[in-house]
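Worksheet: the structure to be examined is printed underneath.
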Number of protein chains: 2
Amino acid sequence: MVKKTKKPIYPFEDWTIRETEFSIETNYRNETIFAQANGYMGMRGNFEEGYSGPDGTSLKGTYINGFYEIHDIIYPEGGYGFAKTGQTMLNVADSKIIELYVGEEKFDLLKGKIHFYERVLDMKKGCVERKIKWESPSGKIVNVKIKRIVSLQRQHLAVISFSVEPINFTGNIKFVSAIDGDVRNITESEDVRVGSNLKGRVLETVERGANDFEGWISQKTQKSNLSYTCAMKNELIGTEKYEVLNNVKEDRVEVAVAFKAEKNRVYILNKFISYYTSKDCDKSETMKLALEEVRRAQEDGFCKIEKEQEEFLQSFWEDADVVIEGDKALQQGIRFNMFHLLQSVGRDGKTNIAAKGLTGEGYEGHYFWDSDIYILPFFLYTKPEIAKALIMYRYNLLDAARNRAKELGHKGALYPWRTIDGPECSAYFPAGTAQYHINADIVYALKRYVEATNDLDFLYDYGCEIVFETARFWEDLGAYIPLKGNKFCINTVTGPDEYTALVDNNAYTNYMAKMNLEYAYDIANKMKKEVPEKYQKVASKLNLKDEEIASWKRAADNMYLPYSEELDIIPQDDSFLYKERITVDEIPEDQFPLLLHWHYLNIYRYQICKQPDVLLLMFLQREKFTIEQLKKNFDYYEPITTHDSSLSPAIFSILANEIGYTDKAYKYFMMTARMDLDDYNDNVKDGIHAAAMAGSWSAVVNGFGGMRVYTDELHFTPRLPEGWKMLSFNVKYKGRKINVKLTHEESVFTLLEGEPIEIFYFDRRVLIKSGENILKGYEEK
Amino acid sequence: MVKKTKKPIYPFEDWTIRETEFSIETNYRNETIFAQANGYMGMRGNFEEGYSGPDGTSLKGTYINGFYEIHDIIYPEGGYGFAKTGQTMLNVADSKIIELYVGEEKFDLLKGKIHFYERVLDMKKGCVERKIKWESPSGKIVNVKIKRIVSLQRQHLAVISFSVEPINFTGNIKFVSAIDGDVRNITESEDVRVGSNLKGRVLETVERGANDFEGWISQKTQKSNLSYTCAMKNELIGTEKYEVLNNVKEDRVEVAVAFKAEKNRVYILNKFISYYTSKDCDKSETMKLALEEVRRAQEDGFCKIEKEQEEFLQSFWEDADVVIEGDKALQQGIRFNMFHLLQSVGRDGKTNIAAKGLTGEGYEGHYFWDSDIYILPFFLYTKPEIAKALIMYRYNLLDAARNRAKELGHKGALYPWRTIDGPECSAYFPAGTAQYHINADIVYALKRYVEATNDLDFLYDYGCEIVFETARFWEDLGAYIPLKGNKFCINTVTGPDEYTALVDNNAYTNYMAKMNLEYAYDIANKMKKEVPEKYQKVASKLNLKDEEIASWKRAADNMYLPYSEELDIIPQDDSFLYKERITVDEIPEDQFPLLLHWHYLNIYRYQICKQPDVLLLMFLQREKFTIEQLKKNFDYYEPITTHDSSLSPAIFSILANEIGYTDKAYKYFMMTARMDLDDYNDNVKDGIHAAAMAGSWSAVVNGFGGMRVYTDELHFTPRLPEGWKMLSFNVKYKGRKINVKLTHEESVFTLLEGEPIEIFYFDRRVLIKSGENILKGYEEK
């Protein structure tokens with residue numbers, strides 16, 4: 001049930017997000033919207049010149065993906081095996097600072113008078129530009145233009161170009177460009193999803209310095225044994241008469257550049273910023289590398305970096321762009337989402353994509369199953385090399401997952417529900433460790449990756465270990481239960497829907513575990529036959545015996561798959577249908593999200609869902625269910641789903657589409673496509689919802705585009721909304737790149753790369769040949 | 001399955017516990033065993049002269065029942081409605097201190113030489129006496145005798161009589177009698193069941209002073225707004241030539257008495273100690289009252305207090321004593337247990353009985369359902385006025401319980417799982433708030449009380465409110481579930497067995513809730529008829545309508561009562577039988593208690609029990625089940641019960657007895673009767689197990705004595721163990737006091753007080769007339 005709609009905040013523009021007015025009320029939120037990142041580091045849209053608004057209207061934030069502090073997790077009433085150590089992505093030194101002094105007056109949007117204000121995120125250029133015409137309290141007018149780029153090409157680099165033009169005076173101007181190391185994370189919040197358990201300031205400055213136009217700060221964490229350097233190099237353009245003054249304080253390094261500015265002339269301070277951490281190189285090297293980076297960048301010049309950025313994005317959009325003709329709001333929303341996904345994703349195999357990207361501190365910068373189930377498909381079918389990096393990240397976590405399984409008395413590996421680099425960081429196990437399905441989610445992502453890329457080397461060299469160790473875990477976790485006809489049951493788990501916890505035989509978990517076990521069995525046999533040496537190597541490493549592999553098959557074959565005869569639906573778990581059913585309609589609006597207003601005991605007591613669970617399963621394993629089954633389950637679960645999770649609406653949109661609930665499909669898509677742009681949940685200030693953004697791509701491609709991937713082939717059953725004129729997107733699959741262009745008249749599949757390939761179009765097998773393949777509309781069905 | 005047996009620690013003596021050797025290794029434990037209390041305050045068996053052993057071998061403890069500090073409960077990942085404020089019973093000023101100086105040498109058992117050592121708890125006298133012959137490092141020998149009494153008659157008073165006799169010298173002796181306010185609670189422990197969340201020292205000294213032989217300290221808490229005064233008065237006996245010196249420090253007040261002692265003469269320092277708190281009187285009065293108390297006591301003299309104590313206990317034992325002829329170990333164990341119960345129980349209607357009595361800091365001095373279900377019967381049938389006080393305590397908590405229900409969105413009242421004076425203090429809700437059965441447990445206790453005493457005034461004036469508000473809660477909590485045939489189901493609860501959590505239709509809970517609802521319905525109707533004015537009053541106070549009362553009956557009549565046809569047993573809950581069954585035999589010994597070695601997820605995953613759940617239900621509502629049902633369920637649940645809860649063995653003993661598993665009955669009884677004396681769980685150092693102690697009384701009276709109370713009548717089916725010659729105990733019931741004396745030849749019921757009464761003896765109705773009623777043995781069945 002679609003509860004909410006929101007008024008759009010920004011004007012509908014194809015490639016840009018435009019803020020036309022500055023306001024304290026929306027500043028915090030817009031810091032997220034205009035946040036920039038490159039997968040390695042992220043900067044919130046804080047003003048370079050500073051912000052003097054009241055507390056709670058801004059969060060100065062700069063983040064490095066996977067750079068964290070640890071802290072003890074203290075439970076008032078703990079238990080064996082509870083997660084002991086938390087990890088929190090750190091807010092690192094703020095290098096965005098460029099203060100501007102007009103005479104003695106400091107440029108500040110909250111003082112003086114704003115004659116013109118505009119901030120534009122250009123998603124083709126990968127640049128945020130602010131243009132302001134500002135009058136100082138004493139009446140001096142300046143035009144200010146600030147461009148910021150966080151380089152997608154050079155992941156350690158960000159650049160700011162700050163220009164000022166005196167309009168009605170000639171006089172002294174001063175820039176103060178700084179790195180400020182006196183930073184800390186949010187530590188207190190009413191909302192359990194926000195705020196960390198770090199106490200006070202964490203980062204200690206161990207080196208700082210400045211030299212002419214350069215400055216640097218090195219800091220280290222207290223407990224996680226990590227360190228980093230932030231360096232800057234500044235250049236002044238517009239005059240050669242200036243004075244440079246360096247000011248080095250305990251935690252702050254400033255380069256001040258003062259000069260006399262003439263009326264109607266433009267002066268620019270370019271600032272090149274770099275971060276290197278001890279995860280990138282030896283501890284002792286971070287300063288050297290960061291300084292080299294900014295010097296190289298300055299030599300190359302701002303323009304080159306600007307151009308690189310545009311080129312990078314051109315290539316990205318060539319692969320990834322989704323064109324919607326006929327709905328400007330959605331066109332803008334979907335691009336915004338894809339842009340932020342690119343900004344957020346770690347591409348180095350050592351980092352992943354945090355729940356809030358690199359735009360805020362919600363969920364402490366942790367990685368969840370969101371990456372594997374919701375986000376990975378977007379990259380897999382547009383930028384498969386990024387998908388590979390995400391899975392490689394999971395491979396690199398395998399030892400930690402083995403340790404966790406062992407700690408809990410299990411065989412194999414158990415991935416953490418939430419983590420940065422390995423240990424379980426979830427401090428509420430019923431909605432954390434109990435979500436064992438994470439194991440199968442990762443395998444599902446891997447399986448999809450291998451199917452879509454035929455990257456068997458990756459599977460045999462790395463992936464198979466994940467699959468075997470997780471299969472091993474499932475076989476150990478479950479049990480053959482006599483009163484269930486000796487079926488293989490997996491008890492005491494929490495499924496994706498966190499509004500029901502600690503249940504037996506969660507359908508999602510059991511189906512996914514079955515897939516995991518079967519895949520392990522199949523791969524083992526395939527490897528034995530096709531790459532016996534590699535198989536021997538991994539089998540010996542994991543001490544894998546044939547009997548164990550057979551036991552996986554046995555567990556899979558006997559997996560208990562819940563089904564309710566009375567209702568002819570799949571029950572979410574053994575107990576779900578025996579709870580009191582309450583529909584979302586019956587709950588007052590002010591009670592949402594329920595987790596902030598109801599005790600878990602009451603939430604768990606009802607048939608009420610935070611997000612799809614059975615329905616997500618049906619989407620992921622679509623080939624296992626008939627459309628009638630899909631409809632029945634949708635009709636059952638939809639009225640009791642609150643969508644209190646941002647992951648929810650996309651799946652509902654996709655399935656509604658397939659069932660033929662076109663209105664609902666569209667409404668749910670609206671919710672997800674513009675969830676952050678329109679701030680549906682009033683919490684985008686805490687960061688974007690990366691998984692929901694990726695969900696919106698799925699809602700387009702899998703929903704309106706009707707794409708499904710199963711038994712190793714692409715299927716398309718497009719359903720273009722009435723109001724849309726055209727929908728176009730690309731899909732990379734098995735070395736091909738196909739453009740799909742849908743109108744109400746026809747569907748055009750253009751093979752842009754690779755050999756001809758057979759696909760299914762409305763259940764009809766079609767060979768997609770080189771060039772355009774025009775398939776007539778739905779009547780062909 | 002009975003896993004453990006332990007070697008007895010103390011010699012078997014009928015009325016005494018005797019320690020014959022001092023040892024550092026057993027000191028901590030013996031401080032609990034020799035702890036003294038009177039329901040108002042408790043003192044661990046710390047040595048008056050001090051203790052210089054290493055850390056971890058002693059806990060200086062003095063506690064006042066219900067005197068607590070509060071602290072915020074901080075969750076690493078919290079949730080709506082989680083308990084916010086913890087309460088911790090405070091370790092208050094130590095007034096036990098009487099240091100003895102022989103010349104310059106301080107009397108210290110860890111220095112010099114011990115020629116003789118003995119400590120005896122005399123349970124008839126209510127006194128602990130230590131006798132020591134000690135040789136100082138320099139060779140001075142003294143006889144020391146120390147008696148301590150915590151007065152059962154005068155609840156604010158404790159007295160110590162410390163005598164010293166020089167054996168081989170004449171010389172200077174000095175006593176330093178002190179009150180030390182520099183005290184704190186244990187804050188760190190590996191064991192979640194021990195230790196509080198208080199940080200550092202809590203009590204602040206606000207007044208202190210000394211005057212001649214008197215001294216006092218007043219302290220206040222930081223947050224709970226409570227304060228108290230501890231006062232002392234000392235007197236020296238044996239010489240009139242002495243010097244008194246007062247030493248008043250920030251947190252410590254000393255009265256030093258120095259004199260010249262002659263060889264072979266006895267000198268005694270008597271110390272009278274009193275505590276008054278701001279819960280007893282106005283804040284400003286505590287000092288006055290405490291000083292008055294010690295002055296009065298000194299005037300009366302140590303001997304009078306000693307005598308009073310013996311008289312009080314004589315009366316107690318006349319009512320409560322259990323005589324076992326033929327097993328000295330058990331005779332001693334059961335008396336020790338009853339003695340500690342008396343010591344622990346709050347008798348003022350404002351306090352209750354903490355899980356560890358007043359002997360230690362385990363479970364933070366909280367009251368649990370232990371009081372209502374396990375402990376109350378002992379008092380109800382021996383000292384019913386104390387049972388009444390315990391229920392009055394629950395009545396006084398009703399407003400807090402109403403608030404808690406409201407906070408969680410429910411009607412009526414929800415009692416806290418653990419608390420000192422009202423708020424829910426459980427910080428792990430799956431084994432805390434989820435144990436809704438506490439509501440019915442309290443009503444069960446009340447119902448038993450009313451049955452056993454006919455105290456209808458109490459029921460109509462107070463008790464009925466508890467019954468109505470809890471019935472109201474149940475009706476609101478449960479729901480009529482279509483797929484369960486529209487039966488009234490109570491979902492998402494935790495039953496008594498904490499090794500299974502958040503389940504649906506826990507049998508114990510449903511049966512007990514049904515009782516609660518029926519009782520509410522019955523009382524309401526009875527009151528309407530018999531005391532219409534009182535009914536009107538309470539109905540108007542609670543806004544009680546006839547429809548609501550009818551809804552209670554409807555819920556009770558339609559209550560879902562689980563039963564498994566396949567196994568012909570009562571399943572613990574809807575999911576229990578579908579979990580993997582694991583017997584205690586299969587688990588390595590070093591894994592117990594499981595809660596310290598397994599993650600809850602794994603514990604919950606198995607059919608494995610911490611304690612009886614279905615079996616406890618069958619005991620409490622014995623009349624609802626046949627003996628065949630009892631046996632079947634016992635056979636099913638016994639092998640999977642770990643007895644990781646000290647509440648467990650007593651119930652198993654009682655039921656084993658009835659089924660005819662005489663060996664098991666005896667072994668389980670051994671476990672419970674001497675659980676603390678023999679330190680079965682290696683944790684008596686943290687305090688006694690009050691509920692297990694009471695359980696042992698039940699195991700005698702309900703088990704071997706075969707007493708059951710149902711449909712308002714007494715039933716006896718005695719089964720005397722082979723090795724016992726005679727078992728005798730008293731029962732108070734409906735104004736009668738009956739002595740029951742069982743031998744293998746006959747059963748003698750002697751009516752000691754009250755009118756003749758009919759009872760059931762082996763299902764035969766018998767009139768118990770004044771004097772002895774000799775019933776022949778079991779063949780009469």
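For all residues, glycine too, the Cβ spot is worked out from N, Cα and C.
Bear in mind that TrEMBL entries carry predicted annotations, made automatically and left uncurated.
A quick note: this is a predicted structure, and the numbers were derived from the prediction, not measured.
Sequence annotations record features per position, and here TrEMBL assigns active site, proton donor to B:Glu498. What TrEMBL records for B:Trp369, B:Asp370, B:Lys610, B:Gln611 is substrate binding site. The domain 'Glycoside hydrolase family 65 N-terminal' feature in TrEMBL is assigned to B:18-279. Residues annotated as domain 'Glycoside hydrolase family 65 central catalytic' in TrEMBL: B:335-697. The domain 'Glycoside hydrolase family 65 C-terminal' annotation in TrEMBL covers B:707-766.
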>> In whole Å, how far does the CA atom of B:Gln611 (substrate binding site) lie from that of B:Glu498 (active site, proton donor)?
In response: 8
> When you measure from the Cβ of B:Lys610 (substrate binding site), which residues in the chain that are at least 6 apart have a Cβ under 8 Å away?
Replying inline: B:Asp497, B:Glu498, B:Tyr499, B:Pro593, B:Leu594, B:Leu595, B:Thr641, B:Thr642, B:His643, B:Asp644, B:Ser645, B:Ser648
> How many other Cβ atoms sit within 10 Å of the Cβ of B:Asp370 (substrate binding site)?
Replying inline: 26
> Per DSSP, what is the residue tally for the domain 'Glycoside hydrolase family 65 C-terminal' (B:707-766) in helix, strand and coil?
Replying inline: 0 helix, 40 strand, 20 coil
> Apart from B:Trp369, B:Asp370, B:Lys610, B:Gln611, which residues in this chain have a Cβ no more than 8 Å from the mean position of the Cβ atoms of those residues at the substrate site?
Replying inline: B:Phe368, B:Ile373, B:Tyr374, B:Pro496, B:Glu498, B:Ser645, B:Leu647, B:Ser648, B:Ala691
> Around B:Glu498 (active site, proton donor), how many other C-beta atoms are within 10 angstroms of its C-beta?
Replying inline: 23
>> Could you state, as a whole number of Å, the largest distance between Cα atoms of any two of B:Trp369, B:Asp370, B:Lys610, B:Gln611, the listed substrate binders?
In response: 16
> What same-chain residues, at least 6 away in sequence, bring their CB to under 8 Å of the CB of B:Trp369 (substrate binding site)?
Replying inline: B:Trp417, B:Gln435, B:His437, B:Ile438, B:Asp441, B:Ile442, B:Pro496
> Once the chains shown are all counted, how many other Cβ atoms turn up within 10 Å of the Cβ of B:Gln611 (substrate binding site)?
Replying inline: 22
> Taking the domain 'Glycoside hydrolase family 65 C-terminal' (B:707-766) alone, what is its mean pLDDT?
Replying inline: 95
